[in-house]
Structure formats: structure tokens, C-alpha cells
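The structure appears right after this line, and notes come after that.
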Amino acid sequence: MTQNNNQPKINYVPACLLTIFAIILDQWTKHLAVTKLQGKTPFILINKVFQLCYLENRGAAFGVLQNQRIFFLICALVILIFAIWIYGKLPNAQRYLPLRICIIGICAGAIGNMIDRIYLGYVVDFFYFNLIDFPIFNVADIYVTVSTIVLVILILFYYQEDEFEELFHRRK
């Protein structure tokens, strides 16, 4: 990747460390779910509102695309490659830090669930909002969902269209 002379090189070390930390946290919570929740009745945190409930998810949210492991792995890989490419193309300025953090969250979530799919054949989910019967989810899902929502808000309301010109057009 070529950098403008007046722009410092991007340091990937903090991003990698933050991503690794987030993945470890996700995998640790899934390990706790397996050891403390699997085969047991749900652990009620707030009666009729929120509970911890073990689920082996072989599909996506709402039970769609069951047993499509290869499809999910390919999608996660494509998202990771695109996210890393965008991360590297972002100007190395403080203004783009929120965007970088969103990319880190999306990557950490994708990798966390990809690890489950590769090694287990399914994703371990355990958070359940039974008040609204929301699909059971995990920490990696939170990373992806929150990061994506914040990313959309940033793109719509914080960044200007011309700030992204550099990302998608060749430099001369």
C-alpha cells in the first residue's frame, strides 16, 4: 500500500491487539456458556426479561440458513478481507478513529463466530431477551451488531461523502 508522504504509516499493532483481546473475551464467554449452561435450565437474570440460555446455532439469526457452514465461513472471510482493506485505506487521522474501532469490532465478531464454526460446526449462543423473544445471541454478535449500527450512523451523519473519495478512487 502506498502512503502519501505527509501521512504517517498506519500502525496495525494496536488494532491487532484490540481484536485479539475482543476475540479472547468472546471465546471465554462461550466457554463459560458451555461449562455452566449446557444441559441446564436457563439462568434467569431478570425474570421474564433476560436470561442466559445455551444454544448451538447452526444457522443465522431467526433460524435461517441452517447447516450452511461453508457459506457462513466464506461470507465471514469476504467481510474480513474487505474490512482489513478499508482499514488500510483510511487516512491515519484522529477523525477516523471511530471508523477504525467499528472495523475492529466487525472483524473481532466475524472471527469469534468463525472460530466456533470451524472447530465446533456451530456457534455457541447464550444471551436471550425473552421479553421480546429476540433470537439468542453471543458477544461476537454484539460486536458485529453494535459496530455495524455505529458505522452506519457515522457514515450517514458524521463523515462527509468527499472524505471517502480517497478510499474508492485510485490515487494519481
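Any Cβ shown, glycine's included, is placed from N, Cα and C.
Feature annotation from TrEMBL assigns active site to Asp125, Asp141. Sequence annotations record features per position, and here TrEMBL assigns transmembrane segment to 12-29, 70-87, 99-120, 140-159.
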In the three-state scheme derived from DSSP, which category covers Asp141 (active site)?
helix
Near the transmembrane segment (70-87), which same-chain residues lie under 8 Å Cβ to Cβ, leaving out any that are not at least 6 residues past its ends?
10, 15, 60, 100, 103, 106-107, 110-111, 113-114, 117-118, 167
In terms of DSSP three-state secondary structure, what is the assignment for Asp125 (active site)?
strand
